[in-house]
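Heads up: the structure comes next, in structure tokens.
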Amino acid sequence: MATAAASSLLKSSFAGSRLPAATRTTPASLVVATGPRGAGAGPICASMSMSSSNPPYDLTSFRFSPIKESIVSREMTRRYMTDMITYADTDVVIVGAGSAGLSCAYELSKDPAVSIAIVEQSVSPGGGAWLGGQLFSAMVVRKPAHLFLDELGVAYDEAEDYVVIKHAALFTSTVMSLLLARPNVKLFNAVAVEDLIVRGGRVGGVVTNWALVSMNHDTQSCMDPNVMEAKVVVSSCGHDGPFGATGVKRLQDIGMISAVPGMKALDMNTAEDEIVRLTREVVPGMIVTGMEVAEIDGAPRMGPTFGAMMISGQKAAHLALKALGRPNAVDGTMSPPLREELMIAYKDDEVVDA
């Protein structure tokens, strides 16, 4: 039992104060097997060893370093307020941190000259991508979107036309951890977008508030919002619901688009292609991606497949880069160029004019 438990461990940072020499041990290296990336592939091995220079903690006399409670408060407050000042006027605001929004932010963040703010009303970003369909664990991704998983390093089981991630949370946690480590990205979770900034017929940012405040406007008064200006807004608010498709619904309310017909009945084969193809700048300054595309165009719903969310998000990122005058896959200025398998999503004749 101990051997089986040990073999499931990956390299750990659980090390610190030196143990007395009499009690110190140096365990043997451990071999770890992870799931195969594709069918027929062998296990991926990693090793872990504890050297004498990096011994385990002495848990018999363990103590944290001292700290004043006020320091904790000041560190959190100072950093958050600094972020609010920094991103009050930014290059791109992404509204919604589901699979499309996170994929968009990840692709955008590869350009270090572009600053990105992600606004997510939930405390927990990820939208519906923590699980597959009907609260099941596995995530199905149709090819060629598996190339994005290869880039992220997410393992999967491979079939001829699709791949399966054993738990959807593997994708979401991986893309999120890689994305948020980049210096040009800030996630503002538990923050809701209540409205858009519009000047001269162009979207120029978002109106924000704490999510809990937005949910209680009927019970409290005088809870005015804040604002974030942006050169480009990417709306990835998902399909219809209390917090769904809010971007395009607001565009209809203020007369910038004529209608939001909503999704048609489920048709996976049509839906995923349509969502990628129709990802575009719907009004000046605002790009729509993910399931919100189906809401504005009346495309079929796609059900529990996620490839279109990833590729639609990436396409939205390159549309935003084009709007910013940065190298991108839409006009062919990106180097190296996009993989040939994904180019169909960016062909000029496949992009609907805004």
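Note that the numbers count up from 1, one per residue, in the order the chain is shown.
Each Cβ is built from the backbone N, Cα and C atoms, and glycine gets one as well.
Quick caveat, the model's predicted, so the values are computed rather than measured.
Annotation source Swiss-Prot lists substrate binding site at A100, E120, Q121, G128, V193, D224, H239, M291, R301, M302, G303. Sequence annotations record features per position, and here Swiss-Prot assigns 2,3-didehydroalanine (Cys) to C222 based on sequence analysis. Residues or ranges marked as transit peptide in Swiss-Prot (evidence: sequence analysis): 1-45.
All features noted in Swiss-Prot, drawn onto the structure.
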| residue | record | DSSP class |
| --- | --- | --- |
| A100 | substrate binding site | helix |
| Q121 | substrate binding site | coil |
| V193 | substrate binding site | strand |
| C222 | 2,3-didehydroalanine (Cys) | coil |
| H239 | substrate binding site | coil |
| R301 | substrate binding site | coil |
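Rounded to a whole number, the distance between the Cα atoms of C222 (2,3-didehydroalanine (Cys)) and G303 (substrate binding site) is 40 Å.
Distance from the CA of C222 (2,3-didehydroalanine (Cys)) to the CA of H239 (substrate binding site) is 30 Å. Comparing A100 (substrate binding site) with C222 (2,3-didehydroalanine (Cys)), their Cα atoms are 34 Å apart once rounded. Between the alpha carbons (Cα) of V193 (substrate binding site) and the residue listed as '2,3-didehydroalanine (Cys)' lies a span of roughly 17 Å.
Summary for the binding-site residues A100, V193: the Cβ-based neighbour count within 10 Å is maximal at A100. When the alpha carbons of Q121 (substrate binding site) and C222 (2,3-didehydroalanine (Cys)) are compared, the span between them is 20 angstrom. Packing around Q121 (substrate binding site) is summarised by its Cβ count: 26 other Cβ atoms lie within 10 angstroms of its Cβ, all protein chains included.
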